[in-house]
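In TrEMBL this protein carries:
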DOMAIN    1-445  domain 'Major facilitator superfamily (MFS) profile'
TRANSMEM  32-55  transmembrane segment
TRANSMEM  67-83  transmembrane segment
TRANSMEM  95-113  transmembrane segment
TRANSMEM  156-175  transmembrane segment
TRANSMEM  237-254  transmembrane segment
TRANSMEM  274-295  transmembrane segment
TRANSMEM  336-354  transmembrane segment
TRANSMEM  366-387  transmembrane segment
TRANSMEM  399-417  transmembrane segment
TRANSMEM  423-442  transmembrane segment
Amino acid sequence: MVCIVSMAAIFSPLSSNIYFPALDDVSKSLNVSMTLTTLTITIYMIVQGLAPTFWGSLSDALGRRPVFIGTFVVYLVANIALAESKNYGELMAFRALQAAGSAATISIGAGVIGDITTSAERGSLVGIFGGVRMLGQGIGPVFGGLLTQYLGYRSIFWFLTILGGVSLVSILVLLPETLRPIAGNGTVKLHGLHRPLLYHFTSQPGVIEGAEPGSTKAKVTWRTVCAPLKFLAEKDVFITLFFGSIVYTVWSMVTSSTTDLFSEVYGLSSLEVGLTFLGNGFGCMSGSYLVGYLMDYNHRVTESEYCDKHGYPAGTRINLKSHSDFPIEVARMRNTWWITAIFIVTTAVYGVSLRTHVAVPIILQYFIAFCATGIFTINSALVIDLYPGASASATAVNNLMRCLIGAAGVAAVQPILEALGADYTFVLLAGITLVMVPLLWIEDRWGPGWRHARERRLKAQIQ
């Protein structure tokens, strides 16, 4: 199940990154400037941020499976339209529609993981989810460079159409509904669109006759659609998301400027530019996998400390459902400090590295991507922990803040590079990240108190 949603979620980063090596060709084909061409990345990121807020809240109300299917239909239509687009306006419009279809796969996939796991199990699965998803960061630009070099940039969108169709079929056939108000803990018999085609030929495993879900399904209203935005009013959630958004923006500015910088400085072709993204891609994959498993290890360490403090037997498994005072913020954030330090240093020297052999900035991109993705993985797990009952909506808000701030950064990177040059641009970005580091200390220090206050407030509202 995790593999299916992870492969589905690959389309959000893949659709963005596969396009990077084609930017120069798109600019020449449509006779527009590189600044305007870069705006097609910006519009993608804006919609990538906005769409999951809508889709995520729908999936928390209607179920994961129907919304997954709907988003993929939108995605396939957008790719066919992009392949046939004739001018810059059409390209912009259908890039937005493409983002609307692909972006929600991340929040819905995170929702599935939130449905089927506890906080003790979640770290490694979130890491796997992120690692498979980030495969798009590694292979996307390579395929984009190959397709652009030999078949033209429009072939990219036909390629995505075929892959998207395969993923949609796998969801239709194999993925069952996981939303607990519909499926319970897997013992409730599924019907209609919530039931995968496979269950029409084999019996549904784990079904208990007469089993009912333990909670009531939410209704879809404008209030439920906009409900995820309320998470931004929670101090601990906002701080976590804002710091992650700054890191995401800096990383996005590094990757989105790669095509123009490497083409200009090193004179690379579309295919060669695509290959330079391998450092970034492998950094994303390894960062997500490694940090995911480190989070599980850190959770066990924090469990042990908690058991010693409260007199529980060694080896007792602790999670937020059974022990609301468990310091989940400490468990998740143990690795954030050293990851952030490496991210700042490698970003600061990245601009200067463009004066050296091409291998040096590629290696630095690996470390920048490793650290950025590690921080994203920690943030994703923590946000799901803070709102386990609405994990898709919480992840959608995470995506919203990251993509909107990131879109502003991507739109600004070309003018900043022209004004300051690469050396000072990336020193500036490292400095901005450094200024945000105190937010980590604030979350570590006061986050648990804010979470407990929110839990008491919500219990009082229910009573």
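Just so you know, glycine gets a Cβ as well, placed from its N, Cα and C.
The shown structure was predicted, so the numbers you read here are calculated from the model rather than taken from an experiment.
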Other parts of the chain folded back onto the transmembrane segment (95-113), taken as Cβ under 8 Å at six or more residues beyond its ends: 1-2, 5-6, 8-9, 11-12, 15, 40, 43-49, 51-52, 54-56, 59-60, 64, 67-68, 71-79, 81-82, 122, 125-126, 129, 133, 178-179, 380, 384, 391-393, 395-396, 398-399, 403
Residues from the same chain, set at least six apart from the ends of the transmembrane segment (237-254), whose C-beta lies under 8 A from its own: 45, 231, 280, 340, 343, 347, 350, 365, 368-369, 371-372, 375-376, 379, 382-383, 386-387, 394, 397-398, 401-403, 405-406, 408-410, 412-413, 426, 429-430, 432-433, 436, 439-440, 442-443, 447
Contact call for the transmembrane segment (336-354) against the transmembrane segment (156-175), three or more Cβ pairs under 8 Å: no
Confidence summary (mean pLDDT) of the domain 'Major facilitator superfamily (MFS) profile' (1-445): 85
